[in-house]
Amino acid sequence: MSLIAAVLIFGLIILIHEFGHFLLAKLNGIGVLEFSLGMGPRLVSFRKGETRYSIKALPFGGSCMMLGEDEEEMAPNAFGNKSVWARISVVAAGPVFNFLLAWVLSMVLVGVTGYSKTLVAGVEEGYPAMEAGIQAGDMVTKINGRAVHAYRDINLYTLTHPGESLELTYERTEDGEKTVYRSVLEPVWDSERGMYRIGVLFDGTYYPADSPFTLMAQGLYEVEFCIRYVFDTFYMMFKGLVTVDDLSGPVGIVSGINATVEEAAPYGLMTVVLSLISLSILLSANLGVMNLLPIPALDGGRLVFLLLEVVRGKPIDREKEGMVHLAGMMLLMALMIFVLFNDLRKLF
């Protein structure tokens, strides 16, 4: 079941990413040679109009091959012959559609499970929160200037910034009057739990989304959390808190999906499905962020060249751009091989 779930999750996320490129290419009158899900030899394929639609043997990957995307082409519907803004919209559409997928899935998740708040349920004696005067009923709104909407936001920040001073902004309502407070807390090490803590206990209640606006807003907060998770992971790598050995590729992600299924299975099918939806949200947002990084061969690297074209008023030499993307692709392939062996080493 875990393998089937992994194939379905990867397939959906990649399909939506490539569909974003496909849809904007069609809307901009760009010829699409092939739209495929998977990699390797074709298992199923048919042609409709100018486009071949295919399902390929390896379930990880996909493509939207456009006319004149990587080579000179004189046809008016070639990618390179469209306006720079049309090309930007096509390249950016893949990651944008990943964020949209994450948002839709987030609304499904919130609609079923509800959402949490940053409501303080209590404070522990002897910890900085009590010394700062934080009370049950306070609502934390910011941590070091970063807006927080749920307990997980605070948990993520403290996890990725261990031991750092925390300025909490919180609201307290008394006699109908809302007052904003700020307190700087110095986390203390809890040797029993193996982590830094400030002694705040948060309300674990999940509240139903009582309006479409609340549902959409909480869905956006879920996507925002996943995006922050990616950048906070980069921050931890920069600080040396995690290393490249902690990176995971498809094999590691499949292993994570298997662990998710096994952990949720005792609680029933619905819990398994909701857990997989939550993981899909994180993976889709992750793919969106990673593809927007200014790395050659990725969508973000292509966008850099297109934005340079906007600034310069003329395109970068196609041959030079191609060499840069080729170098980027070789580096990415090397990283993928490293991550693959790293995943296998963890398994065996």
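Glycine is treated like the rest: Cβ placed from N, Cα and C.
As given in TrEMBL:
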- 84-110: transmembrane segment (TRANSMEM)
- 110-174: domain 'PDZ' (DOMAIN)
- 267-287: transmembrane segment (TRANSMEM)
- 323-341: transmembrane segment (TRANSMEM)
If one takes Cβ-Cβ under 8 Å and requires six or more residues beyond its ends, the residues near the transmembrane segment (84-110) are 12-13, 16-21, 23-25, 28, 30, 66, 209, 215-216, 218-220, 222-223, 226, 274, 277-278, 280-281, 284-285, 287-289, 291-292, 299-300, 302-303, 306-307, 309-310, 315
What average pLDDT is reported by the model for the domain 'PDZ' (110-174)? 91
When DSSP states are grouped into helix, strand and coil, how many residues of the domain 'PDZ' (110-174) land in each? 19 helix, 22 strand, 24 coil
